[in-house]
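Here's the structure, in structure tokens; my notes come after.
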């Protein structure tokens with residue numbers, strides 16, 4: 001009987017939880033942002049943000065969304081302007097512009113009476129989430145997964161030696177893959193936007209009412225783990241968790257990553273009291 005009940009419960013959960021809808025939201029620049037809403041009966045919602053050159057279909061975001069659905073929390077993953085299916089031009093920098101995209105998404109779901117409990121961002125998406133929290137104080141929690149603190153670092157690896165002299169002279173640098181194929185163009189304007197984005201100031205501007213969790217892998221070779229400790233020094237209401245041995249993509253540690261995200265939401269106690277959502281508070 002117990003086995004039968006477990007199977008029935010699993011089946012009922014699947015029926016309630018699996019409902020994906022394609023949603024298009026217009027940002028303040030008139031560009032259409034395309035996303036996927038994982039809808040459950042609850043109105044509790046988490047917004048998921050992808051990293052550099054990624055999309056809403058990034059495996060990290062999809063895995064987190066699937067885990068949230070099992071906990072009866074809606075998840076919305078979307079493409080920033082110029083990425084994936086969304087309109088616009090791909091930009092190397094423009095971190096604040098991605099925070100503006102987030103503003104359009106938050107406003108849309110707030111108008112739909114969703115209870116936005118957190119913004120989760122991986123890599124550059126983590127920066128967008130933190131910048132949003134520093135500018136707009138209308139969400140209770142942020143999960144920063146492997147975001148970069150020092151935005152003046154990690155550039156030479158993509159643009160090559162002497163990038164500043166070359167881009168100042170030509171106005172742009174075309175980045176190519178290992179086979180010499182064109183990947184994307186970095187303009188002087190977009191590079192300067194990145195260099196002028198101050199994560200120190202943004203971190204200090206996040207109010208203590210917003211809880212922030214930073215998760216980072218100790219073996220991250222894209223964004224050094226030391227950046228996570230810089231966020232921890234400055235953000236007023238901050239929790240840091242370093243996953244030992246994890247890389248930037250959490251290739252072997254995705255389950256550990258998801259557990260940390262869910263535990264943080266449970267500890268935040270920010271779910272609206274709607275029926276079975278209370279079960280998250282007693283799990284894990």
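The backbone N, Cα and C atoms fix where each Cβ goes, glycine too.
Those TrEMBL annotations? Automatic predictions, nothing curated.
TrEMBL lists 42-155 with the feature domain 'Serine aminopeptidase S33'.
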Revision key, fill the gap. Looking only at the domain 'Serine aminopeptidase S33' (42-155), mean pLDDT returns 97
Check your understanding: According to DSSP, how is the domain 'Serine aminopeptidase S33' (42-155) divided among helix, strand and coil residues?
Key -> 41 helix, 24 strand, 49 coil
